[in-house]
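Below is one structure, written out as structure tokens; the observations come after it.
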Amino acid sequence: MSTYMTGDIVAASARGHPVEGIYITDRDGMAVLKLKSGYNIGVDHETCTLVRRAGDQPAPAVPTVTQDENLPELAIISTGGTIASKIDYRTGAVTSQFTADDILRAVPGLTTVARYRAEVLATILSENMTPSTWQALARAAHAAVSDGAKGVIVTHGTDTLAYSASALSFMLDTPAPVVFVGSQRSADRPSSDNVMNAMCAAAAARSDLGEVAVAMHATTDDDLCAVHRGTRVRKMHTSRRDAFQSHEMAPVATVAYPSLKVDLSPEAVRRGETEPALHADLEERCGLLYFYPGMPEEAVRVYEDFKGLVIAGTGLGHVSSGCIGALREMVDAGTTVVMTSQCLHGRVCDRVYDTGRDLLAAGVVEGEDMLPETALTKLMWVLGNVDDTEEARRLMATDLKGEIKRRSDYGL
Amino acid sequence: MDFKALGLMAGIEIHQQLDTKEKLFCHCPTTLRETEEHTGEFVRYLHATVSEMGEVDRAAAEEMMNRRQFRYFAYDTTCLVENDEEPPAPMNQEALEIALQVAKTFEMHPVEQVHTMRKLVIDGSNTSGFQRTAMVALAGVLPGDGEVETICLEEEAAQRVVDGTFSLDRLGIPLVEITTSPCMHTPEAVQETARHIGMVLRSTGRVKRGLGTIRQDVNVSIKDGARVEIKGVQELDLIAEVVRREVTRQVNLLAIRDELRARNASVGEETHDVTALFAETNSSILKRAKSILAVVLPGFAGLVGREVQPGRRLGTEISDYVKKCGLGGIFHTDELPAYGVTAEEVAMLRAHLGAADGDAVILISGSVEKAACGAKQVRHRARLALEGVPEETRKMLDEGNTAYMRPLPGAARMYPETDVLPVTITDERWSAVEVPELLSDLARRMEEELGLDPAVARQAAYSEHLPLFRAAVQAGIRPNLAARTVLGTLKELSRAGVAVEAVADQDVLTVLAAVEAGEVAKEAVPDLLTEVAGGTPAAEAVEEHAGGVSAEDLAAIVAKIVADRIEFVQDKQMRALGPLMGVVMEEVRGKVDGKKVSEALRAEISRVI
């Protein structure tokens with residue numbers, strides 16, 4: 001390991017040619033130096049000698065954020081993720097380490113839309129989220145709304161953003177919008193979608209919406225954000241700006257950029273339609289299983305001790321005949337099993353084919369047209385809030401927060 | 001001009017596109033497209049970001065003064081990486097190999113671990129707002145005392161279609177950037193060095209050819225002047241003139257500075273709103289402006305209008321700065337009355353501002369926001385005039401003049417590309433890199449080995465058709481015939497509108513082989529290639545032209561032509577040979593070698609006179 005510290009001035013040899021630069025870090029056994037030109041190169045550690053230690057360099061001045069007291073107040077709850085990421089100078093990797101105030105500095109335009117109170121709930125990558133983070137998030141959002149915030153913005157990593165949004169949809173009754181937002185391209189690049197997404201999220205959080213939603217790019221263009229219902233949204237692309245899509249319904253709103261004009265859809269829940277309420281209990285012993293041809297029965301039995309299991313089955317909602325016995329035993333033992341479809345679009349119907357009828361006979365609940373991930377967070381919430389199995393089965397088949405539609409529209 | 005006495009220091013950066021199969025950080029082909037072929041388009045904004053050192057780059061900050069929406073054209077040959085919607089692929093090793101080859105030719109030191117950086121560029125030419133670039137080697141030698149400082153492997157930027165619209169086909173094509181030290185002291189030396197580096201690059205046989213595939217940036221400074229980087233000189237022959245004109249500009253700006261200092265000139269903080277003053281004006285520009293602002297420059301009178309380059313004045317330089325605010329330019333009192341502004345209005349303006357005769361007044365008009373931005377830029381550039389020559393990035397104009405683009409960027413614009421892992425260049429890899437034969441050496445060798453005329457040898461060596469020429473010689477075609485066809489005929493046919501790009505190298509070889517085998521005359525080559533370009537298979541075309549005219553047939557044709565023109569022949573005697581050659585050649589349409597025609601004709605003429 002290196003004896004140098006980031007910022008030290010080091011002399012070295014690049015295959016025989018003398019160089020001098022700022023020591024950055026060690027990488028794959030070599031010392032990384034930043035040359036005067038700004039380029040980094042890796043050099044043999046053995047050739048390095050210290051020229052001088054890094055001085056106590058003054059930290060760059062942090063601009064103060066000035067807020068307009070005449071604007072409505074929004075709460076920003078920060079959890080980490082790409083929208084709040086920056087480059088770690090030492091490792092060269094992208095990490096989440098922004099505070100909510102940093103977001104206001106990174107997107108100065110936000111202060112023209114509202115004034116903000118900010119809270120850092122977590123600084124984690126979204127794959128490290130847990131149901132307990134969702135609970136903390138639900139409590140924080142509820143507190144903010146109860147305390148008079150006009151709306152809430154939750155900054156979040158995009159990979160599991162849809163899980164969090166659907167979980168909060170069930171845990172919260174909110175008269176004000178709770179808008180999740182993320183970015184697909186890191187905040188340190190001039191092309192980051194964080195600016196537009198954050199601006200649109202703020203506009204949505206100030207609007208007449210009254211539900212949990214997700215605001216992200218509607219297309220690859222920087223001209224429109226879509227606001228998706230929390231229970232109906234899915235990340236459909238690994239990297240595009242418009243990765244988030246509403247399933248089986250149109251977005252509940254759009255926000256034009258840069259005008260920030262918000263258009264609510266007729267289906268959007270309006271501000272003030274409900275009283276604020278928090279039901280933050282969750283049953284964490286719930287699983288989500290993606291069925292595949294040839295899946296051994298043991299794979300199902302892994303979930304035997306779970307309270308609930310969502311299956312992403314094939315087509316209309318099937319698993320192989322060989323797995324049905326295990327499912328029957330689990331249901332008999334008290335596990336609530338819900339069937340959804342890998343097709344994502346469309347509705348489960350287990351009354352068409354034999355295996356489907358066997359599944360119904362085994363006690364599996366048809367998950368209607370719910371997204372598998374939404375079915376999972378809903379099952380956690382339902383089992384966290386009702387003890388009676390039959391009531392749980394009934395609730396799973398009932399639309400609670402716009403996650404189930406009775407009719408399958410044509411054309412979506 | 002005595003450039004040495006003026007302390008001229010110049011260096012160049014050469015950007016050369018590489019002819020790789022795929023782009024530098026994705027798997028798209030390196031094909032350029034016609035813009036009308038685009039299959040999609042999208043719009044984006046870019047935002048200046050803080051660098052890893054906690055600063056905003058000054059060039060980036062200036063670009064941000066005028067927030068602009070950019071439009072991009074996408075193609076079926078571009079992908080989400082160009083769209084800035086997918087992380088980059090690992091660095092293209094074919095491109096790195098070429099960069100190493102060039103580095104070795106200049107006897108450079110390759111870095112042990114290549115790190116890809118992001119260079120902030122937010123003028124819209126990169127969808128990401130940065131250009132990926134990696135330093136590959138350091139410290140090489142040039143003929144004379146020259147030094148190559150570095151060679152970097154970079155991705156090409158998107159090409160501007162018009163204003164804020166860019167085409168993504170070019171974005172990501174690998175290029176090498178070769179930077180020399182400021183080791184040149186005359187304009188001619190700069191041009192010569194550029195020529196040499198270009199020759200070395202072409203020696204690899206793996207660089208793209210044609211307009212726009214190589215660009216030179218020239219760095220120029222003189223004693224007491226400042227480093228100015230002139231971007232994108234595409235024509236080699238203009239480089240010396242660009243340097244000369246930049247030196248002239250710096251000399252003139254220094255003279256203006258000295259004069260300003262002698263006059264005790266200054267630039268105040270104040271901007272005056274004179275919109276109301278021009279309420280009744282007949283100037284069409286001022287009439288439609290929402291806001292007209294004035295800046296007084298005490299002591300500047302006469303100097304704003306002074307020429308710094310042919311046809312360009314200090315006023316033009318100020319105007320270039322103002323254009324960054326989205327305005328068209330300025331009016332200044334050294335050129336007024338003009339443009340519909342009357343002498344009375346100028347007098348009224350001066351009186352209103354209390355401007356003395358020795359003071360210059362600059363007018364800025366436009367929207368309230370843009371005019372305010374423009375006034376700030378006027379004061380900024382005027383202050384720089386008091387200091388002399390500002391450090392700038394400039395773009396080339398016609399004939400070698402230059403105009404302001406942006407401040408010189410600093411190291412604050414570079415930060416690591418976290419999505420690309422470093423590449424280690426092992427000793428084994430470096431040892432295995434082969435140095436190509438320089439084209440200059442090749443030309444000499446071909447001259448000796450193939451007995452070519454020196455000019456033809458040089459032309460063959462430097463031609464982009466060198467591989468075809470070599471293949472022809474390899475196949476036993478006489479070098480002169482090969483050179484004539486490959487370097488001359490193809491070009492002439494192309495100029496005449498023949499679609500020679502449809503002629504495959506193999507077709508050319510088939511035709512030349514037929515000539516060598518005596519199946520067709522060499523005069524038939526243009527006709528044959530034209531037919532091939534039109535879709536006839538080469539073998540078929542050859543067959544059509546081959547044979548058909550025996551020695552007897554030729555003798556008969558010649559005898560008839562001479563008999564028909566017997567008076568002319570008897571009158572002109574042997575001098576009739578030239579004019580009749582054309583007539584016979586027309587008749588035998590390249591089926592007989594010109595030499596044989598000449599012999600037969602000579603014999604026949606001798607017989608009849």
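The first residue you see is number 1, and the count goes up from there.
Cβ coordinates are placed from backbone N, Cα and C, and glycine is handled just like the others.
Per TrEMBL, domain 'GatD N-terminal' is recorded for A:6-47. The domain 'L-asparaginase N-terminal' annotation in TrEMBL covers A:74-262. Here TrEMBL flags A:T82, A:T158, A:D159, A:K235 as active site. Taken from TrEMBL, the feature domain 'Asparaginase/glutaminase C-terminal' covers A:287-396.
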For A:T158 (active site), the number of other Cβ atoms found within 10 Å of its own Cβ: 25
Inter-residue C-alpha distance, A:D159 (active site) and A:K235 (active site) (nearest angstrom): 7
Nonlocal residues around A:K235 (active site), in sequence order (Cβ under 8 Å, 6 or more apart): A:T158, A:D159, A:L161, A:A162, A:A243, A:F244
Cβ-Cβ neighbours of A:D159 (active site) (radius 10 Å): 17
Secondary structure content of the domain 'GatD N-terminal' (A:6-47), with strand meaning DSSP E or B: 3 helix, 27 strand, 12 coil
Secondary structure composition of the domain 'Asparaginase/glutaminase C-terminal' (A:287-396) [DSSP: H/G/I, E/B, coil]: 48 helix, 20 strand, 42 coil
